[in-house]
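Remarks on the structure that follows.
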Amino acid sequence: MLGPAYNHTMETPASFLLVGIPGLQSSHLWLAISLSAMYITALLGNTLIVTAIWMDSTRHEPMYCFLCVLAAVDIVMASSVVPKMVSIFCSGDSSISFSACFTQMFFVHLATAVETGLLLTMAFDRYVAICKPLHYKRILTPQVMLGMSMAVTIRAVTFMTPLSWMMNHLPFCGSNVVVHSYCKHIALARLACADPVPSSLYSLIGSSLMVGSDVAFIAASYILILRAVFDLSSKTAQLKALSTCGSHVGVMALYYLPGMASIYAAWLGQDIVPLHTQVLLADLYVIIPATLNPIIYGMRTKQLLEGIWSYLMHFLFDHSNLGS
């Protein structure tokens, strides 16, 4: 409960101050350089994936369509927080308006909720492709793909809307200093003058149920996939199937391990996990998957790598010919 009635407009600060990574201020410049390099890599890699898939009609299969959406979500997630982080680390520009802070919180958490759903749909795609190859096109029709994508998005919005409403109706009458590099829910909740436990419990239980159910279904899919793969008579076919799935497993590990570590480190508190470790984990969580996903999929998926290379050559030579 929020307790007694509050005049919300009087208890809303004009802005918050993001402190970056507490205790590592001396390393902020090096962190800014590293984050900038990773962000540029993420933007280029994910944009190339979206473009290569979008422009080639032969790559409109479910796996590539889901990968295209994943790349777009990674761009949104990284772009929601990294530019402001770099600004804080480089120039000390730590101020962020109240509305911008809550918008940032909404989009970064929405993107993470969409991404876990996408990883589940991609696991289902691999399950159908390997365990039911003859029925692949009949099961994963464009209508089914659209329905799955819509369901993932609606679930994420349904999860985030109550959380945003609860946070937006908390009074912030004390300090406006956010001990974090971006407007993460739990860091903002600690500044509230009223009891933040309802929103914090909703966030923890909701995200645990969402991620837990997705991981359970993904694990079940891969158990069935491995059984089907090892039943194949050809070693070459086994290796090809395992190689295709390996990239997906790598992407899942990059997403779930730092994500869950970040969530539970924040809940354990700084008596167990130092505050700078909590913030650094949360920062890396929003940029590392976006940076490495295109590299993993590009290097492990020969067709996609060829498509990206073909698009780059076409882009470079066409422009050089126009220039001459």
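Cβ coordinates are placed from backbone N, Cα and C, and glycine is handled just like the others.
The DSSP secondary structure for Cys193 (disulfide bond) is coil. The disulfide bond feature in Swiss-Prot is assigned to Cys101-Cys193.
Taken from Swiss-Prot, the feature N-linked glycosylation site applies to Asn7, supported by sequence analysis.
As annotated by Swiss-Prot, topological domain 'Extracellular' applies to 1-29 (among others).
According to Swiss-Prot, the feature topological domain 'Cytoplasmic' maps to 51-58 (among others).
Residue counts for the topological domain 'Extracellular' (80-103) under DSSP (helix as H, G, I; strand as E, B; rest coil) come to 18 helix, 3 strand, 3 coil. What Swiss-Prot records for 80-103 (among others) is topological domain 'Extracellular', and it gives sequence analysis as the kind of evidence.
Positions annotated as topological domain 'Cytoplasmic' by Swiss-Prot: 125-143 (among others). Here the topological domain 'Cytoplasmic' (125-143) has Cβ contacts under 8 Å with residues 62-63, 66, 221-222, 224-225, 228-229, 241, 244-245, 248 of the same chain, all six or more residues outside its ends.
Annotation source Swiss-Prot lists topological domain 'Extracellular' at 165-200 (among others), citing sequence analysis.
Sequence annotations record features per position, and here Swiss-Prot assigns topological domain 'Cytoplasmic' to 222-241 (among others) based on sequence analysis. Per DSSP, the secondary structure of the topological domain 'Cytoplasmic' (222-241) breaks down as 16 helix, 0 strand, 4 coil.
Per Swiss-Prot, topological domain 'Extracellular' is recorded for 263-278 (among others), and the stated evidence type is sequence analysis.
When pLDDT values are averaged over the topological domain 'Cytoplasmic' (300-324), the model yields 59. As annotated by Swiss-Prot, topological domain 'Cytoplasmic' applies to 300-324 (among others).
The transmembrane segment annotation in Swiss-Prot covers 30-50 (among others) and rests on sequence analysis.
The transmembrane segment annotation in Swiss-Prot covers 59-79 (among others).
For 104-124 (among others), the entry in Swiss-Prot reads transmembrane segment, with the evidence type sequence analysis.
Per Swiss-Prot, the feature transmembrane segment maps to 144-164 (among others); the stated evidence is sequence analysis.
The transmembrane segment annotation in Swiss-Prot covers 201-221 (among others).
Through the fold, the transmembrane segment (242-262) approaches residues 70, 112, 115-116, 119, 122-123, 126, 130, 211, 215, 218, 222, 225, 229, 278, 281-282, 284-285, 288-289, 292-293, 296-297, 299-301 of its own chain, all at least 6 residues removed from its boundaries and within a Cβ separation under 8 Å. For 242-262 (among others), the entry in Swiss-Prot reads transmembrane segment.
Listed disulfide-bonded residues: Cys101, Cys193. The one with the lowest count of other Cβ atoms within 10 Å of its Cβ is Cys193.
The list of residues near the transmembrane segment (144-164) in space but at least 6 beyond its ends in sequence, with Cβ under 8 angstroms from a Cβ of it, reads 62, 65-66, 69, 102, 105-106, 109-110, 113-114, 117-118, 120-121, 124, 185, 199, 202-203, 206-207, 210.
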